[in-house]
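Colleague: One structure follows; several queries about it will come next.
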Amino acid sequence: MAPTIPPPSVPIPAATPVTVPADSSIWDRVSNWVSEHKAVVYTIAGVSVVITTAGVVYYLRKGSEQKESGPKLSKKERRKRKQAEKGEAEKASTSKTEEAAPTQPKAAAVESADELPEIDEESVVRLSEDERKAYAAKLKELGNKAYGSKDFNKAIDLYSKAIICKPDPVYYSNRAACHNALAQWEQVVADTTAALKLDPHYVKALNRRANAYDQLSRYSDALLDFTASCIIDGFRNEQSAQAVERLLKKFAENKAKEILETKPPKLPSSTFVGNYLQSFRSKPRPEGLEDSVELSEETGLGQLQLGLKHLESKTGTGYEEGSAAFKKALDLGELGPHEALAYNLRGTFHCLMGKHEEALADLSKSIELDPAMTQSYIKRASMNLELGHPDKAEEDFNKAIEQNAEDPDIYYHRAQLHFIKGEFAEAAKDYQKSIDLDSDFIFSHIQLGVTQYKMGSIASSMATFRRCMKNFDQTPDVYNYYGELLLDQNKFQEAIEKFDTAIALEKETKPMCMNVLPLINKALALFQWKQDYAEAEQLCEKALIIDPECDIAVATMAQLLLQQGKVVEALKFFERAAELARTEGELVNALSYAEATRTQIQVQENYPELASKLQGMSGGPGMR
């Protein structure tokens, strides 16, 4: 997948398109296997095995082997068997137990429940084994008729008597169906659980219990049952597979809302913050806030000066301290002509922490105090876009142009608006306009190359990046994003060479605040090219040592572990990804992965014999 926008705008949960962060192309490649192997993620039979078509093939082949075994039948017998099999195929998914329902002895043939003796716990002990079986079968038959007539309470009574005669998983499941029709969900759970104790692989009972759990909002339990059903049934029931996907989404969305209600605001990783801040051209400090000017830290101006100094360190600690300083500066006040800048900066960090209302208020206040500060319009435009208000975003860009039509940042960020909307030709025009106004800003060149690539102009894109490498040969971002384009074309060797160059330049030019994205890109390249899990893991570990808060490094590590069948270890990283999620959308994704992985572990614990069989079918690169 082609790389997207290098310097990120701040993501905000919304139903509309959101600005894609610098590392979104990495995320695309990390999670690309999900769309290609949906059964692996959503039915969680195990990433350590091939669970897409291989799972189905296994079950279908096993069924055909069973049919072909035994003595050869006559033509008449084969025709009779074929008719019987056709009848069975028309029924809903059933367990082998139900298919092998007891035969009714002729001596017990009756037409109604009135012809049967009174059945209760005391009377049943006086019946012989054969009588109990025969009466149970007849009671089940009568229960089926009552169910078909929608006389569910009568059917429940008949199935209950059948169970007294002979505890059978089919009878429990059928009684559960009656409770299901009456929306008596707890009773459905009780009866299907009893059925599954007798036959753990009873697919119909699993599906019924899963549906009841769903109705009771016990989504994790429902997910586990539907997942087990999919695996046992060989992924032949599309409704169950869809239910798994739906439940994962429902569970994650509900859980995300709960978490966000109590989750304290927090800055994202230093990599993310740094990429966002560098999407604006650097400018010298305003007059009166230079280091040469002595200001007391007990004053608002002193705190504003201190905050700017912290930002220049380009470290996680620096960003945290800078954010605190901007807040304190406004609390202390007396900022004079720099008050608009203070609101701009505090609003920026509110935005990065996901405090969107506060951010919009601060940016609007900054504009009110200094309408000529175009950066405040740009930041508010980005937020409006991500909050689903593209008209307001366009209005802010137009207002910024009215203030200063020669500000190249306006066109760079407006190009991102076009890029997100898929208006690549318009995006390319604005990136070029940004370059024409200031050709020294590397990201305008990089993003122009990316846009050309998205438009299908591969030759133009490659030429743009070659010019970048010539004119910005000491800028690691050029090699990193060019490497992404090469990786997208499966030019693995060349891509890795570019990532290595980017890594070396990061170490050389920014030893204290290295961008870890080239490390992660190289890890993914080695994984895709050689399935070199060991080296890929080591690179991710290095990235996490440098930037422990880097969500993309965490997500990549989780996927690498999952691909190797290291499910328990992968779960820890998926849970960590949820902790690092900045927006509701990111949190829902992380929770979905975590819950899918957690369910896989439970399935393997509950059905060890099934997991063993499936692992025997493992195949494909890197799967063990």
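The backbone N, Cα and C atoms fix where each Cβ goes, and this holds for glycine too.
Sharing the record's features from Swiss-Prot:
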- 39-60: transmembrane segment (TRANSMEM)
- 61-624: topological domain 'Cytoplasmic' (TOPO_DOM)
- 67-125: region 'Disordered' (REGION)
- 73-83: compositional bias 'Basic residues' (COMPBIAS)
- 136-169: repeat 'TPR 1' (REPEAT)
- 171-202: repeat 'TPR 2' (REPEAT)
- 204-236: repeat 'TPR 3' (REPEAT)
- 302-336: repeat 'TPR 4' (REPEAT)
- 340-373: repeat 'TPR 5' (REPEAT)
- 375-407: repeat 'TPR 6' (REPEAT)
- 408-441: repeat 'TPR 7' (REPEAT)
- 443-475: repeat 'TPR 8' (REPEAT)
- 476-509: repeat 'TPR 9' (REPEAT)
- 517-550: repeat 'TPR 10' (REPEAT)
- 551-584: repeat 'TPR 11' (REPEAT)
Colleague: Within the topological domain 'Cytoplasmic' (61-624), what mean pLDDT does the predicted structure show?
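Modeller: Here the mean pLDDT over the topological domain 'Cytoplasmic' (61-624) amounts to 87.
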Colleague: With DSSP as the yardstick, break the repeat 'TPR 1' (136-169) down into helix, strand and coil residue counts.
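Modeller: Helix, strand, coil within the repeat 'TPR 1' (136-169): 28 helix, 0 strand, 6 coil.
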Colleague: Per DSSP, what is the residue tally for the repeat 'TPR 7' (408-441) in helix, strand and coil?
Modeller: 27 helix, 0 strand, 7 coil
Colleague: At a C-beta cut-off of under 8 Å, are there same-chain residues at least 6 beyond the repeat 'TPR 10' (517-550) that contact it? List them, or none.
Modeller: 22-23, 26, 29-30, 268-272, 316, 476, 479-480, 483-484, 487, 490, 492, 495-496, 499-500, 502-503, 506, 556-557, 560-561, 563-564, 580, 621-622
